[in-house]
Amino acid sequence: MTFTIVFLIAFIASFGLRHWLSQRQIHHVAINRDVVPAEFASQITLAEHQKAADYTIAKLRLGIFENGVSAIILIAFTLLGGLQILNMGLLQLLGEGVAQQIALLVSIVLISGIIDLPFSWYKQFYLEERFGFNRMNAKLFFSDMFKGLGIGGAIGIPLLWVILSLMAQAGDFWWLWAWGVLTVFSLLMQWIFPTFIAPIFNKFQALEEGPLKTQIEALLSRCDFASQGLFVMDGSKRSAHGNAFFAGMGKAKRIVFFDTLIEKLNPGEVEAVLAHELGHYKCNHIRKRLLVSFALSFATFALLGWVSTQPWFYNDLGVMPNPNGYNGGLALALFMLVSPAFSFFLTPLSSLASRKHEYEADGFAADKSSATDLISALVKLYQDNASTLTPDPIYTAFYSSHPPAPLRIANLKRFKSES
Ligand SMILES: [Zn+2]
């Protein structure tokens, strides 16, 4: 019973906190809807500012509704016995063993996916559409979905089979082996994803010769950065939002620009955005993030290794463990369902670290490229993506991976006056 109460407290607190933060953000954006902040008044019109407010609020309202639905699903699976019924049904069908445990996890993923489907559909074809960001059609939506399912199954099921077999046969320290497998797997994915998976969804073309390419190559040599080529990705196939990113590790680093980014920004601004991304690399943010994620997954697996042997972990969450073995899938399922209610409270820590990294990368960009160009690129991106310029401070502190626009730009202006 004790753990039921602990779980319920974390569940209610995390649900309530999510809801409260969203309401705060809605309120803050709404009361600032009628005036463009002074520092942006020359570049952003009132109509654009109001569009950003409406878009932000529409996304938050959908998020509040989704938060409610996922709360119901979580309680239905655990305390109301959904997982128990599913486990019993699959035991009758398949008997005990790793296959049954895989089937249990796959069923949960499929059930959650089916429940999530109307939300993704609404988000793409109503919300994004209403604000002019959607570039997808139903055919692409479903082809993405089936490709995702196919690839997820082809990679995920063998991986699950390895982890569940370790759980069943590798003794008390199975979790250490499983952690090792997952760590090697995620390192491999850094190479597999850009090389084999991303091209299934998008086209990548070499950046054409011209002033932009010359400028980018000059920046790369200034930053002493060896890349495996510059590519443009057809992001406009799905959305009008723009972005730039890196792919790959070590010697296989590719630089990929969304076509939407190149359309919207001038070469100087593209260079400044890329300099910011290079800053993440040169300040070792990418390596740090990877190391932190390995450390966290180590702690998570150690915890899972312990709770999976405790009868209360199952009983207090509404399931009966199989008395003679093969509970790996059940433990994994419960853990995946329940742990977000606890780990949610760590969000502000990772947001804080991320915002610190953003400032550092901006500093790097100001040094190697131009603060002025980065500022004008950011303003254009805020404008084009209808991102709010007036977020609630507490919401930002909790969730935001990037500093709010006014602070970020004020920080860049500091570099401008120094140089
Ligand atoms: Zn960044």
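Yeah, the Cβs are placed from backbone N, Cα and C, and that goes for glycine too.
Site annotation (TrEMBL, ligand Zn(2+)) includes HIS276, HIS280; from GLU208, GLU209, GLU358, the additional listed residue is GLU358. Within the same chain, residues 64, 67, 71, 74-75, 78-79, 316-317, 338, 340-342, 344-345, 392, 394-395, 398-399 sit at least 6 positions outside the transmembrane segment (6-21) and bring their C-beta atoms closer than 8 Å to a C-beta of that stretch. ASP362 (active site, proton donor) sits 9 Å from HIS280 (Zn(2+) binding site), taking the Cα positions as reference.
Take the binding-site residues HIS276, HIS280: by the count of other Cβ atoms within 10 Å of each Cβ, the lowest one is HIS280. Excluding the listed site residues HIS276, HIS280, GLU358, the same chain places GLU277, GLY279, HIS285, HIS357, GLU360, ALA361, ASP362, PHE364, ALA365 with Cβ atoms within 8 Å of the centre of the Zn(2+) site Cβ atoms. The predicted model assigns the domain 'Peptidase M48' (208-414) a mean pLDDT of 90. Listed in sequence order, SER401, HIS402, PRO403, ARG408 are the same-chain residues at least 6 apart in sequence whose CB falls under 8 Å from the CB of GLU358 (Zn(2+) binding site). When secondary structure is read from DSSP and collapsed to three states, GLU277 (active site) falls in the helix class.
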